[in-house]
Every structure is written in C-alpha cells, then in structure tokens.
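Asks: Quick paste of what TrEMBL says about this protein:
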type	residues	note
BINDING	A:CYS637, A:CYS643, A:CYS677, A:CYS681	[4Fe-4S] cluster binding site
BINDING	A:CYS681	siroheme binding site
DOMAIN	A:4-277	domain 'FAD/NAD(P)-binding'
DOMAIN	A:314-381	domain 'NADH-rubredoxin oxidoreductase C-terminal'
DOMAIN	A:418-465	domain 'BFD-like [2Fe-2S]-binding'
DOMAIN	A:480-529	domain 'BFD-like [2Fe-2S]-binding'
DOMAIN	A:554-618	domain 'Nitrite/Sulfite reductase ferredoxin-like'
DOMAIN	A:629-768	domain 'Nitrite/sulphite reductase 4Fe-4S'
Amino acid sequence: MKQKLVVIGAGMASGRVLEHLTDAEPDNWDITLFNAEPRGNYNRIMLSPVLSGEKTYEEIITHDADWYAARGVTCRFGEAVTAINRDTKTVHGAGGDVPYEKLVIATGSAPFIIPVSGKDLPGVITYRDLDDTNAMVEAAGKGGSAVVIRGGLLGLEAAAGLSLRGMDVTVLHLNGHLMERQLDESAGYLLRRDLEKRGITIKTQASTKAILGKDRAEAVLLESDEILPADLVVMAVGIRPEIRLATDAGLSVARGIEIDAQMMTSDPDIFAVGECVDFNGHLFGLVAPLYDQAKVLAQTLMGDPAAFVVKDIATKLKVTGCDLFSAGDFAEGEGREDIVFRDPARGIYKRLVLEDDRLIGAVMYGDTADGNWFFGLIKDGTDIEEMRETLIFGPAYQGGGQTDPLSAVAALPPEAEICGCNGICKGQIVEAIAAGATDLGAIKATTKASASCGTCTGLVEQVLQVTLGDSFQMPTAQPICGCCDLTHEDVRRLIKSQEMKSQEAVWQELGWKTRNGCHVCRPAVNFYLLADWPVEYLDDPQSRFVNERKHANIQKDGTFSVVPRMWGGITTADELRAIADAADKYNVPTVKVTGGQRIDLLGVKGADLPFIWDDLNKAGMVSGHAYSKGLRTVKTCVGTDHCRFGTQDSTGLGIKLEKLLWGSWTPHKVKLAVSGCPRNCAEATCKDVGIICVDSGYQVSVAGAAGMDLKETEGLAVAATEQEAIDLTVAFVQLYRENAKYLDRAYKWVAKVGLDWVKERVVDDLDERKRLIAAFDLSQSIYRKDPWAEHAQQVERYQPLADLTLEAAE
Amino acid sequence: MSWIDIGAIDEVPLRGARVLKTNVGCVAVFRTGPDEVFAVSDTCPHKGGPLSDGIVHGQSVTCPLHNWVFDLNTGQAQGADAGHIATYPVRVDAGRIQIDGSVLRQRSVA
Ligand code: SRM
Ligand SMILES: Cc1cc2nc3c(=O)[nH]c(=O)nc-3n(C[C@H](O)[C@H](O)[C@H](O)COP(=O)(O)OP(=O)(O)OC[C@H]3O[C@@H](n4cnc5c(N)ncnc54)[C@H](O)[C@@H]3O)c2cc1C
Ligand code: SF4
Ligand code: FES
C-alpha cells in the first residue's frame, strides 16, 4: 500500500525531499505537491542571473513536467493550500480537499515589507519569486531610476541586475556598511567601492520615511527629508518564515514552525522543512542547511534514523566582479583574535578570526579562492597552531615550515613585481642596488619603485636588506604606529592624492594591519580626513580621546572640568553670575582663573555635563574648547580702549580672531594673543600666533612656545590693516591644518618645513593665501558651532546604560 | 546563567561604551563591531581611569588617563603593562544586550 504524502510548497527544500524519497522508494509514495506559484520547482537562488539577463528561466528549472510524471507526483501548481484539517487529516485548496497520511509543510518565507506609507503603490515590489523577477525586468525595460531598500544579499543582487539592465540604481541601507550581517566594515567598504564603480549609488545610514506617488511609485522620501526619484522601488529588507497555515492548524510555532531534529512538528504526522521552520531558535535563509534538512526529512519519512544539526554556513554574492566570501562567526565572543591581510594595489582584504587555536570565522574580499579551504578549517575545527603565521596566505603556503618575511622576499624570483604602480620587479631593484643605489631614496630616484603610492616601501626596504645584508640600515622614518608602515607625512599625502574620504578607505588602501587602527593612529587619521575633506568626511567621535569626545577635560578622579569661552578674555557681570550659579548648582569644588584669561569649573560629574552646559548656553556662553586640539584662547590686553600706550584695538582684534577661528580642529592646540603695544602684556611672543600692534599696523609672528619648550615667535609679516592681519592668521592656521603631523605644535611643524616655505604660501603668494582662507571658511561652515549645545540635547549619552543596583536582589 | 536585559545594542555607540551600574561597581559595556559586545570592569587597575571613556580599537580599549591597553576578551593589559580587569559574560539577543546576573552576584559575594 502506498502512503499518501501531501507536500505544501514546491520550493528548493521540498524539491530535494522529493528527489531523495522518489530515488530511494519510488513505489512507496502517493505524492500530491501543491505550489502557490503557477509552476514547479526551480532554482530560486539563480533568479539574480535571470534578472541580470545572464540566464533564462528555462535554464534554472530543476524539475520539469516529465520529472513529476515519471515519479508519479500529482501537481497542483498555482493552487495555494488555504487550510490544514488535522482531525480529518486533509488539506484544503481551491481545487478541493486532499487527504494525507503524512504532510510536509515547505512554504518557505514571505518577504518583509516595511510599514511606510506608499508601500502598496504599484511599482513597489519585493524580490522572492519569478513573478517579482519578471516585474523588475519589465520595469527596467522602460529605463528610469530604481531605489532598492536595504543593501543585503538580495538587495544588492537586485541592484546589480537592474543596473545591468540600464536603470539608474540607488541602494538605501540603514546600517553603516553594506551586508553588515555577512561582512565587516573593511569588506563592506570594498564592496561599496566596486558597486559605485559600476554606477550604483549607495546611501548608508539612510532610513526610508515614505514612498511617494499618486497612482504609482514616483519617489522615495528619506528621514533626512531627501527625495529620490524612483520609477521602481524594490524592498529587500528581509524575510519572515511563512507560518500562517501552521498557526491556523494549531501547530507549535515560534518565529517559524517548531520542529525537532527529525523535522517533525508538534503533530507526529506533520513535518516541516526549509525557511518556514524554527529549529531551537535558529531560522534559515540560505539553501545549504535546507538541503541537510531535506535529507533528514526524507530519511525520517522512510523510517531511517537521522538528525539535523546546525552547521556554519558560508555566503557569497552572485554579482559578477564582486568577489566576496564570509563564513562562520566573525563577531561577538571571548578570547578571539584577528589576522588581517590587505593588498591595496589589488583591492584585497582578508580577515580570519581565531579562538583557541581554531579558525572560527573568515571574511574575504577581492580574492576568495581560498574561501572553501578556510571554510573547511572552520567546519572541521582544525587546530591551526602550527600554521598560524602563514595561515592567511592560504593552503599554498602550508607545509613548508614557518616563513619569515625576509626569507620570503629572498626567495622571490627576479621577475616578481615589487612596485605595482610602476611595474618594477625585484630584479630591477637588485640591479639598481648593484649600480650603487643603497637606500630607499636612491632606489626611488633610479627605478621609481615605491615612488608613487608608496605602499610597497616596506618590500623595497626588504629587498635592500636581503641584497646588502648588514650594510643596509633600516631607515629611521617612524611609522605612525604598529598598525601601518607609513609615516604621518606619507599618510597625509596619500589621503590627499588618492582622495581617500573614509577611515575604511585609509585602512584598506594603505594596508593597515589591524581592523580599525588603535588609539595612536585613529585620532590622527580622523583629523587628517576631516581637515582634508571637511564636507565629505564625517567627524568620528569614537576616534577621539575622551576630552574631545566628551567636550570636557577629564580629571584624575574621572570628573571633568568645564571652561566656557570668554571672547578675548572679556566677560560681563551676567556671565560671571551665571558661572557662579552653575558652580553652586553642580557643587563645583574648584573655580579657578586660568592662564588663558578665563574661568575653569573643575570637578564636574560626567552625568551633570549636559545640564551645566545647558545652563551656561542659556546665559549665552559656549564651549571654550579647553580640551581640544583646536583653537583654545586668544589672550588680549586692554589696548586702546583703556591703556594710555595702546596703538590699535588689540581687544577687538583678539575677539574677532577668536570668533573666526573657534570650533576649528587643528593638529595640536592653537593659542593666540594680541598685545596693544610692544610692552606685550598679553604675552603674544610665545604663542602659536602672536600679534603686536604698533603705530604703523600689526606685527604678525608665529611658531612660539611656552610649554614644555620655550621659544620666541618668529616674524611672519607686518600687516598694514586689521583685515590683513586676520587674513595672514587664518591662512597660517589653515596651512598648519593641511600639512602638519598630528600632535605637532605649530612651532615644531614650522621647524620642519622652514619659515620661508610658510612665508612663500601665506605672505608672498596671494592666490594661495586666498585659497587657504577659502578652504578654512569652508571647513568652518561645518565646524564653527557649539558642541555643548549639541551634546546638551543628548543627555542619555552621559548617563549609565542601566542601573542594576536599583534592581531588587533576586 | 541568569540573563538580565540592560538595553538595546544601538544605545551603545559603535566603537564606544556605556556604563552599567551594578552592586559590584561600574561595569563598562563596549560595542566593538556591529554585533560585538563586551562587558568589563570600568575601573583601570593602574590609577582608576574610567575605561568606558577610552578609545575602542579592534577588541581592545585604551585607558583615557595613561593609555594602558586592555584586551576586552580576557581583561588582560597588553604590552609592557601588567594588570587585569574583570570580564562579565554578555550576549546580544534580537538587538538587546543581556548580562549574566549570576556572575555579578557571585562576584559580590566573593
Ligand atoms: C587650566 C590651565 C591651567 C590654569 O589653571 O591656568 C591648563 C591646564 C592644563 N593644561 Fe595647560 N593649562 C592652561 C594654560 C596653559 C598655558 C598658558 C596659556 O595658554 O597661556 C600653557 C603654555 C603655553 C602653551 O600652550 O605653549 C600650557 C601648556 C600646556 C602643555 C604644554 C604644551 C606644549 O606644547 O608644550 C600641556 C600638555 C599638552 O598639551 O600636551 C598642557 C596640558 C594641560 C592639561 C590639559 C593637562 C591634561 O592633559 O589634562 C591641563 C588640564 C587641567 C584640567 O584638568 O582641566 N598645558 N597650558 C590653563 C587653561 C588655559 C585655558 O583657559 O584654556
Ligand atoms: C533572489 C534570491 C537569491 C538567492 N540567493 C541565494 C544564494 O545565493 N544562496 C543561497 O543559499 N540562498 C539564496 N537564496 C535563498 C534561497 O532561495 C532560499 O533559502 C530557498 O529557496 C528556501 O527554500 P524553501 O523551500 O524553504 O522555500 P521556497 O524556495 O521559497 O519555496 C516555498 C514555496 O512554497 C510556496 N508556498 C508558500 N505558501 C504556500 C501555500 N500556502 N500553498 C502552496 N504553496 C505555498 C511558495 O510559492 C514557494 O514556491 C536566494 C533567494 C532569492 C529570492
Ligand atoms: S602646569 Fe602641569 S599641573 Fe599645572 S595645569 Fe598645566 S599641566 Fe596641569
Ligand atoms: S588609570 Fe588607566 S592607565 Fe592610568
């Protein structure tokens, strides 16, 4: 007697079950297969090549009419099952009831639709089946623009396909980087770069507010109020297990249909398989585990023992030319360690995550050839201690003992390319060395190796060392830190010349050896990026030392000091009263007059900061940036207003300068002073910029110091007018911002480049002076604002995440 | 284990931290990657610096006062500095951070 088996859903999972079952026991089963789609099984994961035009639907059919006929499967395609009756053991479809002895639910998933207004307009589609694919192909035929919501696996495949079909595509992604579930930021950066190269626009941290349109979708409105035209909107935000039938039938359901390791639901005659299931809290979205499930289910139905176990899965993206791979777990957890490899010239990034001498996760971009080998190591839990040093180079490097970089370079053949930019091989460098080029500079000059992007500098030096042996002294130019081989100056130069506008771009293109730098390099790189690309780059507070992140100076006991600005050292009775009130209200233990002509409130509790700032704001005061690598104070003397010797309005000029320069970030702190006459009561001659007013105008001098070093300023120029004095000051500060190494005070930087070099640009070349001032103004259009006012609105940032001391002890 | 919900992961800045007050003192809750969360003692063994105010890089934090660096996995000070901070089991479930309350209790008894 044949058993009656009914299968609901002809998808990837149930297709496999039927194959196993009809292969092993062709005569034991009387099978009825329902499918809501008006067709049988096809390879759903190949819909993207169909969308892009690389394949046709016919090529991705896995089971055709002949197959079903040969296996005696009764097909009810285009007919959704609407109910399961467990009492009568029948399922109900539009074409009538069908009885079952065993029932398999394989209804897959339904795409998730974000509940924004306009979601039901024609022209808004999801991406799940052939009909969706055909709808996209048809829409693309009319050209125009498409917006894809969410840059995950599905969304990006849709975007690439639509773009290949000639649409103008924008991808909106809520997260900071694409495919954040499968990729880390570095790989996400490379993926974004490759997609942008093919003309796809990517917007991260973009949240959809509504879909606009009268009779059909016309545009997408973002939370930022930006409006993007859209003839087609593809929602690829995620999937939800299709559980409605099971819920109605009273089966046990969590996020999916709950099953045991034999794929049995809470009813012993009903089984479930595929994306609709929930196995111990696990949901599934890729086919590999579904195929395992299908095998187990077929065995269960045939009465053979089998159990499903959850395994790690690997992800690839089916977009031609975007080579990525991720597997295992590269997030969360204790005792983990990273190995990072980057090859900027070839756009390659690899990261391995180790735990207890096992590989547990891998993310790769650009070169994924070793992906399966790594995946094997992850699945098998292989002990990698022996090959740890060379692991990241893949299987080709294993088994030959440990390689040290020098012997690896020594072993390179003469035709091995060292400098990718200029196509210089090892042999050419060795020849140049033989001809007398015995240091990096000489190699650069004679062969051009490492003279372009500079990332092969380390390799060139190793060739020098291997060839010259002990007679070669590794150069003393200090790299920024252990995370990279480049100096500050090189990094600055490359950020400008290669137009790098994000941290990820710097990490990748300059071959950083860590995931996201360290406390030494990250603040520097953050500054370089914001100084060079004030509009494009967004300042990253998490790359700042605590003082700048919290806009207050941390004290040795973890409290903070608060110093409001007093423009040019001038204050009023009202301001003093507000400061006194704040001191009382927040129990400030110390109120001190600083060396910078203003008042410091010391010992404020972290959680009180937003409130004391708000109070000071209300009295018209703003942050004094007493914590920043930025403009600190402009000291002034009383000048012509009161002093019998004053020649110009030193107080007024000081205030003007402070109002112009405040808020700007600089390589190190910047302090100014303006004295009304050569008696110099404002101590202008030991500042970063000091101005002494004289009868004939303004003596502008720069590069003084009065801290760890003591140094008198050097004359920059004598300005005839106040405006010229201001222009010279701004141009000097901007030149310093554009060129100095992070944490070099102005006097140290001027000592390196020479005062003449500075004068050429700031004083002599009027066009350059103009450019510097314009660049500074542009930056200030973003940064000349009070951070306290902003942070006073973010009170929660300064409070504990939670307070468990308040919880009743259990 | 007894998991206590302490907040949404989005409430902790990426590559940043927030403080959790507990009966065993302040605990710093770090977020190092999109879904990576760690909890360690907020108090630097050197001179008591608040680690939640430090710079977070890789899976490490640098103390804001004198730049000692701690591995958030092990709590061990890195490089030449010798010191250790307590670590606490945390996990992320459906976007919520949970900390193991039983450990916090044990520590308070010990
Ligand atoms: C508050 C103040 C002392 C005072 O009570 O007067 C002060 C306090 C600090 N100074 Fe200063 N400096 C203060 C005026 C000065 C001056 C005098 C001046 O500005 O006219 C100098 C010499 C001039 C100069 O900068 O060259 C000065 C040279 C330094 C230096 C050495 C800088 C150098 O390049 O040599 C440091 C260390 C550093 O920045 O790396 C420093 C660092 C510090 C720090 C930020 C130390 C730290 O990192 O925590 C102190 C913060 C204390 C706190 O917790 O708030 N402070 N410091 C003054 C604040 C002025 C203001 O209103 O903003
Ligand atoms: C565009 C795209 C690309 C993908 N790429 C990949 C990839 O590269 N790698 C990978 O591993 N995975 C990929 N996937 C995911 C993979 O396709 C799914 O994991 C897999 O198809 C799920 O199989 P399933 O059998 O559970 O569900 P499905 O294949 O979705 O089949 C379920 C079927 O049940 C039918 N059904 C639902 N309810 C009823 C009902 N009440 N009555 C009758 N029939 C019903 C549906 O119409 C559907 O045909 C991709 C998916 C898509 C959409
Ligand atoms: S002189 Fe030294 S101790 Fe005094 S405020 Fe300046 S940094 Fe602090
Ligand atoms: S208190 Fe942490 S390093 Fe000094």
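Even glycines carry a Cβ here, placed using N, Cα and C.
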Asks: Which has the fewest other Cβ atoms within 10 Å: A:CYS637, A:CYS681, the binding-site residues listed?
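Replies: Among the binding-site residues A:CYS637, A:CYS681, the lowest count of other Cβ atoms within 10 Å belongs to A:CYS681.
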Asks: Would you mind listing, in sequence order, the residues at least six apart from A:CYS677 ([4Fe-4S] cluster binding site) in the same chain with a Cβ closer than 8 Å to its Cβ?
Replies: A:CYS643, A:PHE645, A:GLY646, A:THR647, A:ILE692, A:CYS693, A:VAL694
Asks: Just to confirm my parser: what is the rounded mean pLDDT across the domain 'BFD-like [2Fe-2S]-binding' (A:480-529)?
Replies: 90
Asks: Most CB pairs under 8 Å with the domain 'Nitrite/Sulfite reductase ferredoxin-like' (A:554-618): which of A:314-381, A:418-465, A:480-529, A:629-768?
Replies: A:629-768
Asks: Under 8 angstroms for C-beta pairs, at least 3 of them, ignoring pairs fewer than 6 apart in sequence. Is the domain 'NADH-rubredoxin oxidoreductase C-terminal' (A:314-381) in contact with the domain 'BFD-like [2Fe-2S]-binding' (A:480-529) by that rule?
Replies: yes
Asks: Can at least 3 Cβ pairs under 8 A be found between the domain 'BFD-like [2Fe-2S]-binding' (A:418-465) and the domain 'FAD/NAD(P)-binding' (A:4-277), with each pair 6 or more apart in sequence?
Replies: no
Asks: Using DSSP, how many residues in the domain 'BFD-like [2Fe-2S]-binding' (A:480-529) fall into helix, strand and coil?
Replies: 26 helix, 0 strand, 24 coil
Asks: Beyond the listed site residues A:CYS637, A:CYS643, A:CYS677, A:CYS681, identify every same-chain residue whose Cβ lies within 8 Å of the center of their Cβ atoms for the [4Fe-4S] cluster site.
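Replies: Going along the sequence, the neighbours appear as A:VAL638, A:GLY639, A:PHE645, A:GLY646, A:SER650, A:SER675, A:GLY676, A:ARG679, A:ASN680, A:ALA682.
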Asks: For A:CYS643 ([4Fe-4S] cluster binding site), list the number of other Cβ atoms lying within 10 Å of its Cβ atom.
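Replies: Around A:CYS643 ([4Fe-4S] cluster binding site), other Cβ atoms within 10 Å: 16.
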Asks: What are the helix, strand and coil residue counts for the domain 'Nitrite/sulphite reductase 4Fe-4S' (A:629-768) according to DSSP?
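Replies: For that range the per-state counts are 58 helix, 36 strand, 46 coil.
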